[in-house]
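*Asks:* Pasting the relevant annotations from Swiss-Prot:
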type     : residues      : note
BINDING  : Asn864        : 3beta-hydroxyandrost-5-en-17-one binding site
DISULFID : Cys566-Cys597 : disulfide bond
DISULFID : Cys585-Cys599 : disulfide bond
DISULFID : Cys690-Cys774 : disulfide bond
CARBOHYD : Asn92         : N-linked glycosylation site
CARBOHYD : Asn128        : N-linked glycosylation site
CARBOHYD : Asn137        : N-linked glycosylation site
CARBOHYD : Asn187        : N-linked glycosylation site
CARBOHYD : Asn366        : N-linked glycosylation site
CARBOHYD : Asn431        : N-linked glycosylation site
CARBOHYD : Asn452        : N-linked glycosylation site
CARBOHYD : Asn457        : N-linked glycosylation site
CARBOHYD : Asn524        : N-linked glycosylation site
CARBOHYD : Asn538        : N-linked glycosylation site
CARBOHYD : Asn543        : N-linked glycosylation site
CARBOHYD : Asn547        : N-linked glycosylation site
MOD_RES  : Ser1006       : phosphoserine
REGION   : 566-615       : region 'GPS'
REGION   : 604-615       : region 'Stachel'
TOPO_DOM : 38-623        : topological domain 'Extracellular'
TOPO_DOM : 645-663       : topological domain 'Cytoplasmic'
TOPO_DOM : 685-688       : topological domain 'Extracellular'
TOPO_DOM : 710-733       : topological domain 'Cytoplasmic'
TOPO_DOM : 755-785       : topological domain 'Extracellular'
TOPO_DOM : 807-830       : topological domain 'Cytoplasmic'
TOPO_DOM : 875-1013      : topological domain 'Cytoplasmic'
TRANSMEM : 624-644       : transmembrane segment
TRANSMEM : 664-684       : transmembrane segment
TRANSMEM : 689-709       : transmembrane segment
TRANSMEM : 734-754       : transmembrane segment
TRANSMEM : 786-806       : transmembrane segment
TRANSMEM : 831-851       : transmembrane segment
TRANSMEM : 854-874       : transmembrane segment
Amino acid sequence: MLFSGGQYSPVGRPEEVLLIYKIFLVIICFHAILVTSLKENAGNSSLLSPSAESSLVSLVPYSNGTPDAASEVLSTLNRTEKSKITILKTFNASGVKSQRNICNLSSICSDSVFFRGEIVFQHDDHYNVTQNQDIVNSTFAGVLSLSELKRTELNKTLQTLSETYFIVCATAEAQNTLNCTFTVKLNETMNVCAMMVTFKSVQIRPMEQCCCSPRTPCPSSPEELEKLQCDLQDPIVCLADQPHGPPVSSSSKPVPVVPQATIFSHVASDFSLAEPLDHALMTSSTPSLAQETRLPSPQPTISLTSSPAIDLPVQHVVASSSLPQTDLSHTLSPVQSSIPSPTTAAPSVPEKVVAISTPPGETVVNTSSVPDLEAQVSQMEKALSLGSLEPNLAGEMVNRVSKLLHSPLALLAPLAQRLLKVVDAIGLQLNFSSTTISLTSPSLALAVIRVNASNFNTTTFAAQDPANLQVSLEAQAPKNSIGAITLPSSLMSNLPASEVELASRVQFNFFETPALFQDPSLENLSLISYVISSSVTNMTIKNLTRNVTVALKHINPSQDDLTVKCVFWDLNRNGGRGGWSSDGCSVKEKRMNETICTCSHLTSFGILLDLSRTSLPPSQMMALTFITYIGCGLSSIFLSVTLVTYIAFEKIRRDYPSKILIQLCAALLLLNLVFLLDSWIALYNARGFCISVAVFLHYFLLVSFTWMGLEAFHMYLALVKVFNTYIRKYILKFCIVGWGIPAVVVSIVLTISPDNYGIGSYGKFPNGTPDDFCWINSSVVFYITVVGYFCVIFLLNVSMFIVVLVQLCRIKKKKQLGAQRKTSIQDLRSIAGLTFLLGITWGFAFFAWGPVNLTFMYLFAIFNTLQGFFIFIFYCAAKENVRKQWRRYLCCGKLRLAENSDWSKTATNGLKKQTVNQGVSSSSNSLQSSCNSTNSTTLLVNSDCSVHASGNGNASTERNGVSFSVQNGDVCLHDLTGKQHMFSDKEDSCNGKSRMALRRTSKRGSLHFIEQM
């Protein structure tokens, strides 16, 4: 255009030529500006577009004004290398929108300052930072490159000296350099020159003026910092002769002083203990982070500190050598509290000094050193050693500890355990006259409550409003609480008698900042919540019968898509320095801004009568759990079949033994069903539901014991009190006793205290999760209402069982040897049936002690969970009359019995006729319900004699009569469980000519002798 304009300009008219020339100049300038703008936009677009070769994306690369730091880094790279870099966002701090106000970053971030640093690593540089030899032995797929080594050292240094930091690094392989730009957040007491001493070619600039307002919150993430568009000031210059002194700014304009106001530690505590979501695609940028973290599993105690944790997938990540080389990495990490390694220059700096120029030109110097912190801690320890503390002095100590929590983490780490002991000692030595007392400070809250170990109620400690910390001690946590811990009523139920008097107070602590809980072994994990703890008179309590529930709010509620983990503080980890452990902890519920920590729930049937109430090894607990649930499931199925059979077929339920058996089967079925539901209900940790389930489980257990005892009592009436025994409304009275007495016992326990029931823990599984169960929490209630109750029933049942065995031995002495052999198997089957019917197998619980504990626990679990199955086998499937009813109504074809089949007819070799006066045999030798209840339900008889007693004739015209039929001395042992007793006047064959039957009628007491020739 310039050429064409010059071509057609009129000659001899200088004014017009000059005007056209000016117009051309304006157009040229406009085009130049336009071309420059397009180039910049194209450059930004290329940076914002993802690269196919990049295997790792930097979430927050920062850029500043002119000259841009990222541009300087990128300018050193060639075209191919630039294509490997993927930048999602740029941080433009040069342009400030006119419609927004400019404020100082220090005015909204109290006690914290931000710096921007730039450093270039050369291949032949020798830094005063020694290389960590663990890098060579790390789990990276290949040998670490120069960029990875230098980036690791930079990461470790920033991790030690700063609160939060962000790194952007780019490798220029052509120039053999590594260019890194980082942003750090430091406590105002930290001297930034200590960082400059570590690396010799670093340039650090303060970040002060930003687009913000006084109401703008302090940035806690790279995105928030980017939105503020902070401008960079002139680089800081440290004096050569005073490398650890105050930094001197090269700018003539003063730097505003950081006001001493509210603490910014909420942000520092906002990061969780967590692992990256995808371990396969990410490795650590530091040697210690390259390996997967494995947590030990110490036994948890009540002296615990809990916090949920959350995965941060962008932490400490670089590309593995097996993937395409990534030239850009991003690190977001809180400081890990640990003693500074010799690989950094931090330990050589005994005192951190920061000098900040005030607007008038004055200098304010804040100092913080290890000797100073140790002196303060020692002073408090000395005061605590003198004895009890008055509330005023204790409050001053709490405030002092609160201030110390905001000291540089590198200086605070060696004193962390001592400070935790100081906090516990304050609560232990605190002298107060009321029931409860609470002391609060900006970053620490402490509450102590006097308790009675023998009558401890459920207590919840909750903290509210982190800006103005308040605490409460109630039965339930308030809705607006930011952290709460609930101690169950069974907390001290297992304490030895010598420690009951010592457990006089419970202490709760709430830490607004996790400064004392830095775990160097979890470098890729960080906290997302506050920290809450509890202890009982500074003692350790193990084997809690009910879990402790911890609910903690997330400081940053936007992290909902990340995986959380519940952890507690183990004082014995890391060589006594303490560390986070997830042993036995799991997440019950996770919401947008809250995590509730609890544990998984399974249990063994042996818990119901675990007299020792001690925990089993995890592997054995798992095996017992499988046996328990399989056995309970099978028993429930076969008990249901037994109930349906006896209820559906009227002919087999007319006698008393059958009716008692129906009641026992119903009780056992309900017991098994409630037991199977118990662990599932316990998962929800709902107090009301758990108490209800525990009450029903207790009730049906006692009902089952009672009906077993009534079976034995019925046998006593039939075998011992044979004559002159008449009970009106026999079954009705049995039902009142069988279902009523357990209800009275459970009602008394509930009236005393509903907290006698609840969630209890009875051991651990191999994965570390505790075995929790809704059951009786009080040991006194357990031993009286379960163990004592069962002992009475068990003694009665064993006595009756012995009577049966004695009767069997007496009769067998009269039998011939050949006849004894033929009945041995039947007798054994009868004994086995009585063993399960009377609950003799429950006696295994009395032997589950000492070295044989495990063996009898297995026997207990196997036989008692299968009790319903064995009852079905011996009292349903093995009974001839029951099988005939099945064949008659359930089978078809040849297996089905004819309608006119006399199912109850007894076939004998010597007896061809039946008389109406013949005695009637019943299944359990029981009392007859009426004169018409004549159907036989005999289980086992001698095959050489009568298969079944006749059920076709009337035994007596009186109600509740007892009939006994004797044939040649053959005793049906099962019949001895009820109302039948067989004897003979002489030993003869089954077809003998003379038989005698003894019949008693309850009203007349007369004897009828029927002799058949």
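Here the Cβ of each residue, glycine as well, is placed from N, Cα and C on the backbone.
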*Asks:* Restricting to the topological domain 'Cytoplasmic' (645-663), what is the model's mean pLDDT?
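*Replies:* A mean pLDDT of 87 is what the predicted model shows over the topological domain 'Cytoplasmic' (645-663).
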*Asks:* Would you mind reading off the Cα separation of Cys690 (disulfide bond) from Asn431 (N-linked glycosylation site), to the nearest angstrom?
*Replies:* 38
*Asks:* Nearest to Asn431 (N-linked glycosylation site) by Cα, among Asn187, Asn547, Cys566, Cys597 (recorded positions)?
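*Replies:* Ranked by Cα distance from Asn431 (N-linked glycosylation site), first place goes to Asn547.
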*Asks:* Honestly, do the transmembrane segment (624-644) and the transmembrane segment (854-874) touch, with at least three Cβ pairs under 8 Å and pairs 6 or more apart in sequence?
*Replies:* yes
*Asks:* Name the one residue among Asn187, Asn457, Cys774 whose Cα is closest in three-dimensional space to that of Cys566 (disulfide bond); these are the recorded positions.
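*Replies:* Closest by Cα: Cys774.
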*Asks:* Need the DSSP three-state call for Cys690 (disulfide bond) to compare against my parser.
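*Replies:* Note: Cys690 (disulfide bond) is helical by DSSP.
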*Asks:* Of Asn187, Asn457, Asn547, which is closest to the residue listed as '3beta-hydroxyandrost-5-en-17-one binding site' if I measure between C-alpha atoms? They're all glycosylation sites.
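*Replies:* For the residue listed as '3beta-hydroxyandrost-5-en-17-one binding site', the closest Cα among Asn187, Asn457, Asn547 is found at Asn547.
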*Asks:* Sort out for me which one of Asn452, Asn547 has the most neighbouring CB atoms within 10 A, since those are the glycosylation sites we care about.
*Replies:* Asn547
*Asks:* Residues sitting near the transmembrane segment (786-806): Cβ under 8 Å, six or more positions beyond its termini, same chain?
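*Replies:* Non-local partners: 608-609, 611, 698, 701-702, 705-706, 708-709, 711-713, 715-716, 719-720, 745, 776, 831, 834-835, 838-840, 842-843, 973, 976-977.
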*Asks:* Tell me, if you would, which residue among Asn457, Asn864 (recorded positions) has the fewest other CB atoms within 10 Å in the structure shown?
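*Replies:* Checked Asn457, Asn864; of these recorded positions, fewest Cβ neighbours within 10 Å: Asn457.
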*Asks:* I need the most crowded of these disulfide-bonded residues: Cys566, Cys774. Count other C-beta atoms within 10 angstroms of each C-beta and give me the top one.
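*Replies:* Per the Cβ count within 10 Å, the most buried is Cys774.
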*Asks:* Using the alpha carbons only, what distance in Å do you get between Asn547 (N-linked glycosylation site) and Asn457 (N-linked glycosylation site) once rounded?
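*Replies:* So the alpha carbons of Asn547 (N-linked glycosylation site) and Asn457 (N-linked glycosylation site) sit roughly 14 Å from each other.
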